[in-house]
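> This is the structure, below, for whatever I ask next.
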Amino acid sequence: MARILITSAIPYINGIKHLGNLVGSQLPADLYARYMRGRGHEVMFICATDEHGTPAELAAAKAGKPVEDYCAEMHEVQKEIAAGFRLSFDHFGRSSSARNHRLTQHFAGALAENGFIEEVVERQFFSVADNRFLPDRYIEGTCPNCGYDKARGDQCENCTKQLDPTDLIDPRSAISGSTELELRETKHLYLRQRALKDEIEAWIDSKTDWPVLTTSIAKKWLHDGEGLQDRGITRDLKWGVPVRKGSEPWPGMEGKVFYVWFDAPIEYIAGTAEWADANGKADADWERWWRTDRGAEDVRYVQFMGKDNVPFHTLSFPATIMGSREPWKLVDYIKSFNYLNYDGGQFSTSQGRGVFMDQALSILPADYWRWWLLSHAPENSDSEFTWENFQSSVNKDLADVLGNLVSRVTKFCRSKFGETVPAGGSPGEREHQLVAELQQQLAAYETCMEAMEVRKAAAELRALWVAGNEYLQSAAPWTVVKTDPEQAQAMIRLALNLIRLYAVISRPFIPDAAASMMASLGCEDWSWPADVGRALEVLPPGHGFTTPEVLFRKITDEERAEWQTRFSGVRT
């Protein structure tokens, strides 16, 4: 049994996330976690809300609430929606937790002690209209690289280029919109990433199995232009982790907080500590996942994120870990994703464009969305959500292929043999061929899941469903029963066991439907089918079942048209 540590990029607290956020991190991470648990491995799956920095302050101000209250409220909202999508986190934490405060301050102290922190006096925009310094994300303007007119002072979300506020063309305050900005002096802490560049580059070079998307972004940031730059890790904000050198005050840093991108990844570790606290466990129970001197040397750590998060996870967070000179676990594999676009435009939380997670759940159950998003995951290039494609995929894959098989088999058995697994007959050549075919296809499915090739895994799973349908079509038990009822019983006995097999292997993608299939079969045996032949004998003759309700209903043309109009691209 392996030990798998899984973290998903933690979502900002500033509102409900859209489907592009979901498919770019949390959902594929959940798929992998569920699969690994299903194979019998020990899994720790951690996520949290990212509650500090400019997004939180701006969103709270817009909502007219104190930032602490806003974050507490939105954490519960995001936690509830995550549960609605059946995201199986072992813990869903908060970056504003006391654990993360202490751990962030600890890392800063360790970095300073090892000479990787520099105090820098810099010139920063001060808004006369707002009477305050403006951290990078409080400034908007036009990106000098791609011309996007809503770029932020730290990064352009359109082209992902890292920016300095002074790089922006026509900068303005994100608070008031005022262009009356002055450059004034202020002192900040910088993480000396350049001093760690050789270590980071050697570490990245050692990860020969990483996706091209991950390594290409990391190396671009390492080498493009002037190469890897030192990174400011403090901000002139009120809300955040107060700057301290470990447990001690940091002279000259009074009233400042750590930059959100410094403390947010540390929440992966802190969130695991929160898990221990919430479950009455000792520190040793979370440290065995994170400290290589306390049991984490055999852990495989996998991160999931959108491509815009890759630079921070391949450069800045590893620099924090390496520079601490402490035995913390570094990530083994980073699964990154391109963007999911929406009907000809971009999904965007800040711009309110696209279908958001709460809206999605209000019109269809989670499995419909999970299946479409994962089977169209933007792995090798950007992908696009369209209502026509969504309707087609749901109707063909879920309703026609899987749902239809479950319905036909259970209803036919009930009408001809009753609601028990029939005992007659024995498998023939056709059944043996099916078992061999399924064994081969299952191996292909497992290979894709192990490699986190999400779209390919979905295609292999669908192929497994199709194989069952093709068997039923060729075997035609509804015809055979007229001349050889014993043989028809053998076919249906296999088909009922096939439903259980599908429930087990489909669970990572469509957990609710899998649970419904198992419940209708009166079965609680979720063991992974190492041997397909044996797996198709788990339900013995005489075992009772119930005929389930429709597993997946079809989306009508009228519904599709209505939703397309209702979700025309802007959330109001």
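Glycine is treated like the rest: Cβ placed from N, Cα and C.
Quick paste of what Swiss-Prot says about this protein:
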- Cys143, Cys146, Cys156, Cys159: Zn(2+) binding site (BINDING)
- Thr349: ATP binding site (BINDING)
- 11-21: motif ''HIGH' region' (MOTIF)
- 346-350: motif ''KMSKS' region' (MOTIF)
> List, in sequence order, the residues of the same chain other than Cys143, Cys146, Cys156, Cys159 whose Cβ lies within 8 Å of the centroid of the Cβ atoms of the recorded Zn(2+) site.
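For the Zn(2+) site, the extra neighbours are Pro144, Asn145, Gly147, Tyr148, Ala151, Asn158, Thr160, Lys161.
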> What does DSSP give as the helix, strand and coil breakdown of the motif ''HIGH' region' (11-21)?
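In the motif ''HIGH' region' (11-21), the DSSP-based counts are 3 helix, 2 strand, 6 coil.
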> How many neighbouring Cβ atoms, not counting its own, are there within 10 Å of the Cβ of Cys143 (Zn(2+) binding site)?
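Total other Cβ atoms inside 10 Å, all chains included: 21.
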> Tell me whether Cys146 (Zn(2+) binding site) sits in a helix, a strand or coil according to DSSP.
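In three-state terms, Cys146 (Zn(2+) binding site) counts as coil.
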> Tell me whether Cys159 (Zn(2+) binding site) sits in a helix, a strand or coil according to DSSP.
coil
> For Cys156 (Zn(2+) binding site), just count the other CB atoms lying within 10 A of its CB, please.
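There are 24 of them.
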> Sequence gap of 6 or more, Cβ distance under 8 Å: name the residues on the same chain that satisfy this around Cys146 (Zn(2+) binding site), in order along the sequence.
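The answer is Cys156, Asn158, Cys159, Lys161.
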